[in-house]
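Q: Just passing along the structure, written as structure tokens.
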């Protein structure tokens, strides 16, 4: 029986992670500032082939406000060919995708002709520009700023990326601008739209075909509206009586009655959409080798703690030997996705889609599952009785009880003694036991250890 689908595509004012682009000529301190802004987030979250020379992507957070930060290559806006031209092209794309541009200049060396060229370009973009004078430690503001007023970008902000001076104030101001006019979505609105799904993958894997298969081409009512890539398109649809929302990750735009993908692959858009989703469908091409780009996208999904289903597209018509080789390749290169269901589908032929969507439902249910403390503790005790943690020297960890520390992804907090001696191997064993006991397929699972403290340990 054909699933009933109803779909409306519309732009919504929704608070996705804003993007801060760091722009400037070579050696002004962009990478130093990038590392400081992302220092608590492992700095590099996406380092994709073909893009690494020019743009690095990281995640930062100020209080409750997360953001994405893009470290561009040294910008030569007038370069006509060669690597400098390519770096300029990549930087322009970063600026297009940014909510705020932080334009960095060098306070030690003063104003350079290249700074003027970059300023001329940035003024024409219409983006909010923060002019930041780096390497200003130990210098008076008037001395640092005086050279740069002629750029016509307002009052320069003096910072030291190396020492951290002025950085927090600067990024707070930038985030005020980036978040302005983006009201938080209410819980009621979020519940009404159902599970939010991001379909991600590199170009030409069939994302737009899968979107059209899910929402039903003949039922699409779509409204193309002018705007920038900062506005996300949400496609609401109903399938088998359940509400879903697709987040536009592929640069999808309506043409006629169907959506087609704009070929420019946007890393920023992909990262934003993964962060915004409840469940991510990672789409792979069965007729192509698994690439580093595929693995990097998958790694970001796991880092973000998102529920995940993997769709291996274009499976129809493949030779049986090729199918076996593809499955072996997936198991080897994406071993870290063992928690997720893999589905072998054809978006064009509409095969395997029902099972794929059932796994989306299951993954979401697993990510949101409530785990009672008595049941968690019972599962922990059973796991320890079956296999105790190994000693580290004279110390054997004592695992006493467990409780749930969060959802989406589920976080299990284990209390006991000497828990810093628990090995990664034993932690994986516990994870697998919890997954099996509580049916946690399709979601990352976080395990945190908290050692009990003895108040008399330091007493004589």
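One-based numbering along the chain as shown.
Just so you know, glycine gets a Cβ as well, placed from its N, Cα and C.
As the structure is a computational prediction, the values presented were derived from the model and not from experiment.
Residues or ranges marked as GTP 1 binding site by TrEMBL: 24-31, 71-75, 134-137. TrEMBL lists 201-208, 248-252, 313-316 with the feature GTP 2 binding site. Taken from TrEMBL, the feature domain 'EngA-type G' covers 18-182, 195-368.
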Q: Among 27, 30, 72, these being the binding-site residues, pick the one whose CA is nearest to that of residue 207 (GTP 2 binding site).
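A: Nearest candidate: 72.
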Q: Need the DSSP three-state call for residue 30 (GTP 1 binding site) to compare against my parser.
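A: The three-state answer is helix.
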Q: Where's the emptiest Cβ shell within 10 Å among the binding-site residues 27, 72, 204?
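A: Result for the binding-site residues 27, 72, 204: minimum number of other Cβ atoms within 10 Å at 27.
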Q: Which of the binding-site residues 27, 30, 136 has its Cα nearest to the Cα of residue 315 (GTP 2 binding site)?
A: 30
Q: Can you count the other CB atoms that lie within 10 A of the CB of residue 24 (GTP 1 binding site)?
A: 24
Q: Tell me, by DSSP, whether residue 136 (GTP 1 binding site) is helix, strand or coil?
A: coil
Q: Give the helix, strand or coil assignment DSSP yields for residue 315 (GTP 2 binding site).
A: coil
Q: Mean pLDDT for the domain 'EngA-type G' (195-368), as a whole number?
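A: In the predicted model, the domain 'EngA-type G' (195-368) has a mean pLDDT of 80.
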